[in-house]
Amino acid sequence: MLRLFRVLARLRGCRHWTKITELSARLSSTKAAPRIMNVFQDAVCTLNTLQTNASALEQVKRERGHPQLQLQAMRGFLQRAGLKVDELDRLNIIHVTGTKGKGSTCAFTEQILRNYGFRTGFYSSPHLVQVRERIRINGQPIGKELFTKYFWQVYCRLEETKDAHGGSMPAYFRFLTILAFHIFLQEKVDLAVFEVGIGGAYDCTNIIRRPWVCGISSLGIDHTSILGDTIEKIAWQKGGIFKPGVPAFTVKQSDGPKMVLQERAEEIGCSLSVCPDLEEYQSEDSLRLGLAGHHQRSNASLALQLSHTWLQRHFLTGACHSAFSLAETEWPGRNQTLKHGPVTYFLDGAHTTRSMQACVHWFNEIAPQHERNAGGPVVRVLLFNATGERDCGAMLKLLVPCLFDFAVFCPNITEAIATCNADQQNFNVSVENMLTRCLDNQQSWRVLNGQEEKPEAELLIGGGLPLVAERHRDTLVFPCILSALQWISQGRDSVLSDPNKCVIPVKPSINAKAALLREAVNIHVLITGSLHLVGGALKHLDPALNS
């Protein structure tokens, strides 16, 4: 275990060296195993100091017309971390962008190639429960020990050189991108699937010079302050990942963005092909998908084209594992169903109007199937939050026809207690702003449902937190995800009733409104609007993700 930090011996100039040697001594003791979590959390807390995305996004906006400045800064950070851009060519990268479905496309692609026996790397964002989910090897999040070891290698190299570069350190996402490159090189993966963060042309993953193949999933309106306010402007940004002579694929797009992508491909000098419908593939086996939702069929088709092109470029032929791979692909938080006794959770991180349309379509298909087998009354509950510049009103309007009995709103805070996991911390927005957003969403829901205005009554959660407000009997705002889930489940979910979980007391007047939940045979909960919300819910609903 001492090897965990001895690899950092040459980095003694780092101001964290004392801390590192102390941690190394702890790990050498007979009680090493319990210490690993503390060491990992220390790395994550240090990583969180780089959460300057708000200022980083402002910088991106200022430099929109000069993408070379973004990439130049990234090259500088990469070099300070001890890496060279041409080293990335060895990773045999598949580069994927899009507005909706790029993560699912990457998951399908990685699964296909892993089933061929390749050692795969997979970089995606955001994470749901633990930050190490973003960097996967052979489909699994990198282990805590490896994450910690490689984190300090990269962090110390950057910190010891910052004084010579104006004190600059890479922002959170940039750092994790550099860390992913470093880990995949050190762990000698056969290929790496990289999901773009935002856009394409200005994204820090676009430092990749020679991917083996590029893909663009379905396009829509999102991140307009950075990417532009029309679908055509967004398509131009996404097409920025194209590289000369590198084949590229996209799913079927509307005429405007399709034309822009074709023009970008011609300008850059690459071939661009449109994927066929999934039904057009010839397969001895039925192309069943492991990910629910009809929209996943276009993602699966794109993944088939990307993986097959990668194989062809490596002169590999043989039996196709694609049908099996598509069926066994898992991607948590996207059209996911969890049944906990009488409570069934439907989780989807939809956060744009187009993805919410797909979410509603999926929920309206799957929820009635569960309700037919309930044998009694079923209560429907919406748990919603959205962040950033999202059009919450438009998304909520799409959810109205689902006929929810309750609409519950909460910020993306896992627990309203000090022991919150560092992986879930977000320093880019204040609690006040998050709660204000929840109250605004609550009011939007009331207006959309034609509910009359009623004087606002401030209600308290035990412990003196004035964070629950109620304006109508079927809408509530809670201070955190755990308190919302506990109220919705009313003690009927054994996972949430775990004695190790803190039960946040709620005033009797609030519990009185839950009679419908207690009397129902089943409770169906749709959790949507934000991947961060879904991730926070999964932290409580799926304990295995915390290990």
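From the backbone N, Cα and C atoms, a Cβ is placed for every residue, glycine too.
What TrEMBL says about this one:
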| type | residues | note |
| --- | --- | --- |
| BINDING | SER125, GLU195, HIS223 | Mg(2+) binding site |
| BINDING | ARG334, ASP348 | ATP binding site |
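ARG334 (ATP binding site) and GLU195 (Mg(2+) binding site) are 16 Å apart (CA-CA, integer value). Here HIS223 (Mg(2+) binding site) is positioned 19 angstrom away from ASP348 (ATP binding site), judged by their C-alpha atoms. Cα separation, ARG334 (ATP binding site) to SER125 (Mg(2+) binding site), rounded: 13 Å. Every protein chain considered, the tally of other Cβ atoms within 10 Å of the Cβ of ARG334 (ATP binding site) stands at 27. Other than the site residues SER125, GLU195, HIS223, same-chain residues with C-beta atoms no more than 8 angstroms from the centre of those residues' C-beta atoms, the Mg(2+) site, are LYS102, GLY103, SER124, PRO126, VAL196, GLY197, ILE198, ASP203. There are 19 other Cβ atoms within 10 Å of the Cβ belonging to SER125 (Mg(2+) binding site).
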